[in-house]
Amino acid sequence: MLSETTPTSSQNLSDRDKAVIWHPFTQMQTAPSPIPIVRGKGSVLYDADGREYLDMISSWWVNLHGHAHPYIAQRVAEQLQVLEHVIFADFTHQPAIELAERLLTILPQNQTKVFYSDNGSTAVEVALKMAFQYWHNLGLPRYKVVALEDAYHGDTFGAMAVGGRSAFTSPFVPFLFDVDYLPTPVPGQEDAVLQKARELFTADVAAFIVEPLVQGSGGMIMYEPSVLNELFQMARQNGTLIIADEVMTGFGRTGKLFASDHIEEKPDLISLSKGLTGGTMALGVTTCTQAIYDAFLSTDKSKTLFHGHSFTANPIACTTALASMDLLLAAETQTAIQRIAANHTEFSQRLATYTTVRNIRQRGTLLAFEINVGEATSYFNTVRDRAYRFMLERGVLMRPLGNVLYMMPPYCTTNEQLQYTYDQVEDFLKSFS
Ligand SMILES: *Cc1c(COP(=O)(O)O)cnc(C)c1O
């Protein structure tokens, strides 16, 4: 029964939620009640009590053009009237074909085939399976994988295995396949990492997987295109397949359409999701080179890529991706990306005046920094909860990764909204002095 006075009040919805729902990445015993969101518009979310929140993390990095975008909504509504879903083995449809064609025109030119799945983790799983089976099909099996420390590639088992080992993965370590790790080549560490890479990149490495230029969940750790380029070259010299996990960095976040656009040497496989549909639907994509695709062609059925999901290439999801791409490639969005980046750069200078702020870094629309008040930098740093609550009370949704604060706004975020957020961040910093 719904309550009679305020049938969808925050309290009512929170209570019902608590009774039946288990939330992601959430310690259910100590977590505060979830905030019921009833609507969104642009960069603003509205809760059941009418409170507003500026979504400065693009709802976990997926939203590009703002919430409930009318153009995406219209395209989805049209598609729903025509075809909601169809099996994707032995059948195909226009939205999937058109999306693949258009993705291949904007991705690095060595990418020639598109494989659909549902989310970022599956896009990574598919890339790994393509890489391993590529070597298997060639009759030259390779079993080693090189990844970066602090990497995050998703929460399914293969994706966890190639991620850095952390509190997130510790219960599962006995079940994860071994990976050789390179430290992340952050500024100042490049030579040491390249040194180690010379040892690790041997001719038996099947794949090298990275989040190019920005490690998201690891704490918005950033490194330079030049060193990544060198690592890619080293991997390639040994025939190792390069997997760029652009699930977070894709679709303009780093100031270019893809992080791979910042580097000369191109990956063999690319995983995409999150911003792919502008944050409207779950969809994942793995793209690959012709050479990888060709290694699966055979009259021998055992060389098939035996992988697929019920909702592979869902037409509604593909349509949202097409609509999102229209918006992304529009001149005004490209201008907005540069505008947000410029605002961040200016704010960085303000941030630099605080003695508690360390390690300010930016790549395109992504700005991150650490608050250092004694405790070591870590996901469990207690500054996290304090900052989260402080910003939320002032109507700004940020989700610090430990003491790493970052902003990843939708591209429609206005200068006023950015400035308001910056001001609240400064107020928070002042609370330490
Ligand atoms: C979020 C993320 C994933 C996992 O995507 P999901 O859709 O959450 O499964 C994989 N890789 C990177 C780099 C991510 O940021």
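Placed from the backbone N, Cα and C atoms, the Cβ positions cover glycine too.
Lifted from TrEMBL, the feature list:
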- Trp60, Tyr152, Lys274, Gly308, Arg399: substrate binding site (BINDING)
- Gly120, Ser121, Asp245, His309, Ser310: pyridoxal 5'-phosphate binding site (BINDING)
- Lys274: N6-(pyridoxal phosphate)lysine (MOD_RES)
Arg399 (substrate binding site): tally of other CB atoms within 10 A of its CB:
18
Any idea what DSSP makes of Ser310 (pyridoxal 5'-phosphate binding site), helix, strand or coil?
coil
Counting distance between Cα atoms, which of the binding-site residues Trp60, Lys274, Arg399 is nearest Ser310 (pyridoxal 5'-phosphate binding site)?
Lys274
Select, from Gly120, Ser121, Gly308, His309, each of the binding-site residues with a Cβ positioned under 6 A from at least one atom of ligand 1; if none does, say none.
Gly120, Ser121
Counting distance between Cα atoms, which of the binding-site residues Trp60, Tyr152, Lys274, Arg399 is nearest His309 (pyridoxal 5'-phosphate binding site)?
Lys274
Measuring C-alpha to C-alpha, could you say which of the binding-site residues Trp60, Tyr152, Lys274, Gly308, Arg399 are within 10 Å of Asp245 (pyridoxal 5'-phosphate binding site)?
Tyr152
With every protein chain in view, how many other Cβ atoms are within 10 Å of the Cβ of Ser310 (pyridoxal 5'-phosphate binding site)?
9
Roughly how many Å separate the Cα of Tyr152 (substrate binding site) from that of Gly120 (pyridoxal 5'-phosphate binding site), to the nearest whole number?
11
